[in-house]
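Positions annotated as active site, proton acceptor by Swiss-Prot, on the basis of similarity to another entry: His24. Annotation comment: Swiss-Prot describes Asp129 as active site, charge relay, evidence class similarity to another entry. Sequence annotations record features per position, and here Swiss-Prot assigns anthocyanidin binding site to His24, Gly396. Taken from Swiss-Prot, the feature UDP-alpha-D-glucose binding site applies to Gln358, His373, Trp376, Asn377, Ser378, Glu381, Asp397, Gln398.
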Amino acid sequence: MVSEITHKSYPLHFVLFPFMAQGHMIPMVDIARLLAQRGVKITIVTTPHNAARFENVLSRAIESGLPISIVQVKLPSQEAGLPEGNETFDSLVSMELLVPFFKAVNMLEEPVQKLFEEMSPQPSCIISDFCLPYTSKIAKKFNIPKILFHGMCCFCLLCMHVLRKNREILENLKSDKEHFVVPYFPDRVEFTRPQVPMATYVPGEWHEIKEDIVEADKTSYGVIVNTYQELEPAYANDYKEARSGKAWTIGPVSLCNKVGADKAERGNKADIDQDECLKWLDSKEEGSVLYVCLGSICSLPLSQLKELGLGLEESQRPFIWVVRGWEKNKELLEWFSESGFEERVKDRGLLIKGWSPQMLILAHHSVGGFLTHCGWNSTLEGITSGIPLLTWPLFGDQFCNQKLVVQVLKVGVSAGVEEVTNWGEEEKIGVLVDKEGVKKAVEELMGESDDAKERRKRVKELGQLAQKAVEEGGSSHSNITSLLEDIMQLAQSNN
């Protein structure tokens, strides 16, 4: 076992740098625990507010004997022109704060450098979120290998890699509405330019930030991916080849959460009592409930949320609907009560205003479908739980994930969203799916057609394969061993 090697010879010390956004931090904290379980000393570097979000989960891990510590660094908000209190990506109230936020984040280079000068034992490896390009300079200065974590699947990472190598494909498009086929791909897949992460050119400082991110990607030692070989074998193999073998699939990392409290508080403390939620689910028939959650960042316009709600109502199926960013959705709260919606659906609709215990909900036998924004964490959690997906992508890697789920894996149904809803620009888009479209998509997913039955069967099989992948001898478990052996050899050769 690698844990024995690390104790007997050279003690491995990994320093983890999560990006300050829920969807990025959640899997990084899981990765910290997975590595610590193998005897690796872990130091997580983050800001005070972000450290507080994961205090309970990490405290339990540390109390259980895992060698994890957290080092807090203050975000230089004022120096970057960022108003105080904006320590997380999901707390930003406008697009105008995006560049100052990234500036502040990358100004952490100097205090982090001082940390590394004093760190003991000397770090053997950095694992950094791809949104933190300054960590490449730290890695170079201290001669430490840097492993990138993108938080995306191999399908998406390979797509981005292919398009970077074949820039003329995007350059030759006449408009953002025009579709193109991704070349050299295991499956025939079409996108428009805005549907691919980091493919749209934005001039000015944001372009410079993106270029720094791309450059840092090129200079990294390798990549870890929160996926498993059996889920997307062709894409995992091709991406590993593209990275000269230095790509390790180690997921689903969420499966390290075995304790009920860890599942319930994954990412944040839930805004509903866990027992109340489970009691409600217990009262519903097996496979009858649709779980609806569109992520921690997006706030769809009121007009679209109303159509979604009315579609859920007309589907006549029990549902749990999570509405996040609640402060921004006061108008929706008013509509819930004034229109009579909340009263009409009270017997079969559970509304969670804030953060939900998503892993616990998806694992419950009464849940039979998941309407998701297709963020990779949620997508993978749904598949891992054996739940078919109703896809409603918004931006970023989410359209890639939809293509994988619907076209390649055939475990999901599209809600019909083709247009990208850029973060902060939701009002410009308006209604993309009306209530009839919602009702129809829900029926297609949750109904008893042959296609629906086949989807359910297929996703259950993929869920079982996920469990096997993380067990000892499984593909992801073995890949963590391989990664640690690789870093161990590097560490020993450097000493």
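In case you wondered, yes, glycine gets a Cβ from its N, Cα and C as well.
Close to Gln398 (UDP-alpha-D-glucose binding site) in the fold, though at least 6 residues off in sequence, lie His373, Cys374, Gly375, each with a CB less than 8 Å from its CB. When the recorded positions His24, Asp129, Gly396 are ranked by how far their Cα is from the Cα of Ser378 (UDP-alpha-D-glucose binding site), His24 comes first. For the residue listed as 'active site, proton acceptor', the recorded positions whose C-alpha atoms fall inside a 10 Å radius of its own C-alpha are Asp129, Asn377, out of Asp129, Gln358, Asn377.
When the Cα positions of Gln358, His373, Trp376, Asn377, Ser378, Glu381, Asp397, Gln398 are compared pair by pair, the longest gap among these UDP-alpha-D-glucose-binding residues is 20 Å. Of all the recorded positions in the list Asp129, Gln358, Trp376, the shortest Cα-Cα distance to Gly396 (anthocyanidin binding site) is found for Trp376.
Within 10 Å of the C-beta of His24 (active site, proton acceptor) there are 21 other C-beta atoms, taking all protein chains into account. Distance noted between the C-alpha atoms of Asn377 (UDP-alpha-D-glucose binding site) and the residue listed as 'active site, charge relay' is 15 Å. Look at His373 (UDP-alpha-D-glucose binding site): DSSP puts it in coil. Ranked by Cβ neighbours within 10 A across all protein chains shown, the binding-site residues Gln358, Ser378 are led by Gln358. The DSSP secondary structure for Asp397 (UDP-alpha-D-glucose binding site) is coil. Cα spacing between Asp129 (active site, charge relay) and Trp376 (UDP-alpha-D-glucose binding site): 15 Å, rounded to the nearest whole number.
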